[in-house]
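Over in TrEMBL, the protein carries these features:
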type	residues	note
DOMAIN	7-170	domain 'Major facilitator superfamily (MFS) profile'
TRANSMEM	9-28	transmembrane segment
TRANSMEM	40-61	transmembrane segment
TRANSMEM	73-90	transmembrane segment
TRANSMEM	96-119	transmembrane segment
TRANSMEM	131-153	transmembrane segment
Amino acid sequence: MFLRVNDIIACRALFFIMAFYVGLWTIRIPTIKDQIQTDYLGIGYIFATFAIGSIIAMFFASKMIRNTSCRIILIYSGLFQGLLWLPTAFIKNLEIFMIIAFIFGLCFGAFEIALNLYASNLEKREKKSMMSGFHAFWSLGVLFGSVATSLFLEWKISFLNNILVYVIIL
């Protein structure tokens with residue numbers, strides 16, 4: 001017998017999981033900085049390439065969703081994000097990290113648009129306002145991702161193992 005997850009619970013979980021990534025990423029900035037032997041300007045370049053990728057994806061997300069579905073975009077962009085995380089513990093070069101960040105941004109931007117459209121469609125279907133509740137799960141995800149990663153750092157758990165935990169959760 002299969003467990004069918006309620007659409008609302010699934011949407012909350014997706015908001016939480018993607019924000020958990022944000023908590024992981026932001027707490028690990030010093031680790032990444034040291035790993036690729038760059039300064040904070042280099043980290044700024046990584047964030048800029050991520051943001052550019054996200055913005056580009058957001059321009060094309062509605063067409064991608066129309067041609068497929070929210071579900072397909074959520075599945076594939078989530079899967080690609082998990083796969084893109086795996087090599088990050090081994091990247092030693094700023095430019096390569098920027099390329100990964102750009103591709104990650106493309107996936108993240110598409111995921112964000114699809115997830116918010118999915119949430120909006122749920123609101124329409126249920127005929128009630130739920131967006132603030134979904135975004136509360138985003139905030140909880142950032143909180144839990146940050147706390148978990150802070151604990152991993154305190155317990156000296158490697159960046160790779162930290163990433164593996166994220167990918168398993170995703």
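Glycine is no exception: its Cβ is also placed from the backbone N, Cα and C atoms.
Within its own chain, the transmembrane segment (131-153) is flanked in space by residues 11-13, 15-24, 26-28, 31, 119-120, 123, 161-162, 165-166, which lie at least six positions past its ends and keep a Cβ under 8 Å from the stretch.
Distant neighbours of the transmembrane segment (40-61): 29, 32-33, 73, 94, 97-99, 101-110, 112-114; these residues of the same chain sit at least 6 beyond its ends, with a Cβ under 8 Å from one of its Cβ atoms.
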